[in-house]
Amino acid sequence: MSAFMSSAPRWQVVGHIDQIPLRGARVVQTPLGNIALFRAAVDRVYALEDRCPHRGGPLSEGLVHNGRVTCPLHQYVIELDTGEAVYPDEGCVTTYPVRLEEGRIEIDLTGSRQTEPSPSGCAV
Amino acid sequence: MNETLVIIGNGPAAMRCLESLLEREPDRYRILVFSAEPHPAYNRILLSSVLAAEKAPEHIVTHDWDWFERNRIEFFPGTRIDFINREHGEIRCQDGRVFAYDRLVIATGSSPIMLDLPGSDLDGIYGFRDLDDVDALAREAESGEHAIVIGGGLLGLEAAAGLRLRGIDVTVVHLCDWLMEQQLDPRAGEMLQRVMEDRGIRFMLSARTCAYLEGVQPGRVGGIRLADGRELHADLVVVAVGIRPAAGLARAAGLECNRGILTNDAMQTSDPDIFAVGECVEHRGRSYGLVAPLFEMARTCAANLAVIGEVPELPAAYEGSLVSARLKVSGVDLFSAGIVQDGPEHEVITLVDENLGIYKKLLVKDGKLVGVLLYGDAFDASWYFQLLADETPIGPMRDKLIFGAAFVNGEGETHGAALSLPDEAEVCGCNGVCKGAIMGAIAAKGLQSLEEVRAHTKASASCGGCTPQVEELLALALGPAAPKQPSEKPVCACTEMGHDQVREEIAANEFASVEQAMAVLGWKNPEGCARCRPAINYYLLCRQPGRYRDDPASRFVNERVHANIQKDGTFSVIPRMFGGITSAKELRALADVVDKFAIPTVKVTGGQRIDLLGVRKEDLPLVWKDLNDAGMVSGHAYGKAVRTVKTCVGSEWCRFGVGDSTALGVRLERELWGSWTPHKVKLAVSGCPRNCAEATIKDIGVVAVESGWEIHVGGNGGTKVRATELLTKVKTADEVMDIVFAFLQLYREEARYGERTAGWLMRVGLEFAKERVVTDRVSRELLCERFRESQAVSRSDPWSSETGLPAQAPESFVPLETPEPLIV
């Protein structure tokens, strides 16, 4: 949980939705490391740390389906919305708030979220 | 208000019943679980491993406190129930608390039979049944020097082996003439005894214990006396002479009991609101002490609990189990099932190798297998067990039966090695999963199918080479409860349809997109998953060449960016070298890109070309451009596509060469490249039968002979080596081209996505391919025609700028450029 959760979000423009293919992804480099922007639907973009919790694979290269991405290295499936690995895979990825303003993609790097560690899941 | 379900017991049967119920009806009941033991639920079967100090107690926990909490189950550990009041629908705890139930499940298990002998109230006498016993034995083993185990059955031997590993002297005192008389015949019993003696365990057979003796320390056991008057010294005594269903609670409640609690096939006791599962049960006159039957009972019980009161008749029925036994002492491979002691009505088949310590005995009656005993080599245990359970007539294989599945099937398969592996042995080399992890996951998570094992452990989820071993482990863990696989499995969890059915639908409907196909075919997830998307995309592409537009979002990253992703997220690039022939110009271009882009590794591949490893994604388009400018095209070394045509130098240079294999290899690769296939396709052409190009382990292998060319198909040199089968022999290179075109097209149209030519041919048979490709000329011409039609639009380099797939826009290979630098 970020220490900045309580402060107001700081939206920063990272690009335009047309730059991401439908059911594809692009990477944006940030001071917090590479973040993958997934376009799961025509008007739906998610931002996740570009690193699979399993062996660190680049999620941005994965197949996108039904709001999930399958990691290209060992087929871990990650929920784009929460960053959580889909059962029975375990683990989770940091997510960042994203919004679309007239096609511009804006991201709030202060709002990083990691789903509460579950007993067998995130607390690695 | 929910109905209340009370479960007495938290052993494997109770927990499996709970899990199965939660899967079906997670919300129907408020659930209370009572356990006399103070521990979370653990796997009792592994107690011997804990005693042997091979596992820590926490490693055999199957359901921890959190599990109960997560599933909103009220768990009362260390709480013994001392009365069931059926009239009021209540249970009473030993501490006086009373809880009401609407339904009750009794899973009280069994108690060790403790011998009622003089001195049985002395300290230092233990059963071997629960964690507390193991805990106490481990502590005793620290100070004691000599232990006596009474009972030479399964449990007693496991206790003896465990104590011995703890470093104390152990003597096993056994009533019968040989060990494990329930499961073994005298010969196997003797062999087992010798192995255990080699480990330092002593045995006294045909020995009846008649009293415990007090030792130097008052009130504490110091030895035993046998019926023949001999006295044996011991610092502790373990009694493992058998178990008895723990039916006392049920009996006191007035439920019908015999030796165990009587149930019907629905697992109901004589009170329809009270069910019983596990070792406490007596079903059709039998009680079970092995895990597979208990799980079957548990599942039956759960299925009925889920619907009881809502349906006129309980749907699930348990019909009893055929059981098998396996000794869990590491290093001893022993399996038995069915009838063990042969009688005059049996035909007996035995195989003995004293030196290797192998003894196998099969009992046959009326042409069917009725008993199996395997000692020293239990590789084929699950196979024999299946023959036994299915009552398969063994007539046709009778003469080979004793030699095992591999021999009977005549395939020379390496079979069953997984069963005898130690827990820490790696089964899945791709994902680094050891046998213990697989067995642990099957037991802890109640896995039922290969798919589930793959999902939970990743074992066999990558190359699939270990699938037979994993399947074997699954069969071993589940015993006869193992579900049979349907003939064609669904493509994935998104659909019930198998590959063949999906392809038929695609042929009939000619869908325009992957999504449309999924919508029409009733996919459960509208966008499918990483398994079905590429499959459907391929079927559409294969069926409608030139008309269907390839979908990058259904392509695995490698096929999308035409390079091979590596573990660090960089890529490898392999340009084609047709037939393994290259030139100074190509090599110079390669050297230049290596320098220009600081590519760290340059490797010669097994397919006679050069691999550039460690290319950054953003450099890919630039690397391709330079290679493309030098006339090189993608090698498709990453894809389910035609890969390489390996060649030897052939008649042009070689003094043995009888055919120009290089020229034919180059020609083949120039005609075939760019073609997408169900799985990768590798070819080779050898210039003489010495076969230096190793053509006979390729998908298609061509070998020159004096009179022409042999065409071999269905080989595989990877995970599982398979030699090719001879498809046909032709005279000219032109004929080779036709046959290869037709064969490849047949494979493209008929094989399931992800199936290599080897697996496909094993499934459909070589004759099928021969008929369509060789014998039937019209069929061959049609196949060739369709292949050429497809190649007309496929043989374009994905790297060249003219191809212009959207994913290859160079900007998509670099990170987004933000208008302002991002700050935190």
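In case you wondered, yes, glycine gets a Cβ from its N, Cα and C as well.
Positions annotated as domain 'FAD/NAD(P)-binding' by TrEMBL: B:5-283. Residues annotated as domain 'NADH-rubredoxin oxidoreductase C-terminal' in TrEMBL: B:325-389. The domain 'BFD-like [2Fe-2S]-binding' feature in TrEMBL is assigned to B:427-475, B:491-540. The domain 'Nitrite/Sulfite reductase ferredoxin-like' feature in TrEMBL is assigned to B:565-629. Sequence annotations record features per position, and here TrEMBL assigns domain 'Nitrite/sulphite reductase 4Fe-4S' to B:639-778. As annotated by TrEMBL, [4Fe-4S] cluster binding site applies to B:C648, B:C654, B:C688, B:C692. Residues annotated as siroheme binding site in TrEMBL: B:C692.
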If you count other C-beta atoms within 10 angstroms, which of the binding-site residues B:C654, B:C688 is the most crowded? B:C688
Select the most exposed residue of B:C648, B:C692, where exposure means the fewest other Cβ atoms within 10 Å, treating these as the binding-site residues. B:C692
By DSSP assignment, list the helix, strand and coil residue numbers for the domain 'Nitrite/sulphite reductase 4Fe-4S' (B:639-778), in that order. 56 helix, 34 strand, 50 coil
Please count the residues of the domain 'NADH-rubredoxin oxidoreductase C-terminal' (B:325-389) that DSSP assigns to helix (H, G, I), strand (E, B) and coil. 9 helix, 30 strand, 26 coil
Under the DSSP assignment, what numbers of helix, strand and coil residues are found in the domain 'BFD-like [2Fe-2S]-binding' (B:427-475)? 28 helix, 4 strand, 17 coil
The domain 'Nitrite/sulphite reductase 4Fe-4S' (B:639-778) and the domain 'BFD-like [2Fe-2S]-binding' (B:491-540): do they have three or more Cβ pairs under 8 Å, with pairs 6 or more apart in sequence? yes
For the domain 'BFD-like [2Fe-2S]-binding' (B:491-540), what are the DSSP-based totals of helix, strand and coil residues? 27 helix, 1 strand, 22 coil
Integer average pLDDT (0 to 100) for the domain 'BFD-like [2Fe-2S]-binding' (B:491-540): 91
Cβ-centroid neighbourhood (8 Å) of the [4Fe-4S] cluster site, B:C648, B:C654, B:C688, B:C692 excluded: B:V649, B:G650, B:F656, B:G657, B:S661, B:S686, B:G687, B:R690, B:N691, B:A693
DSSP residue counts for the domain 'Nitrite/Sulfite reductase ferredoxin-like' (B:565-629), split into helix, strand and coil: 29 helix, 15 strand, 21 coil
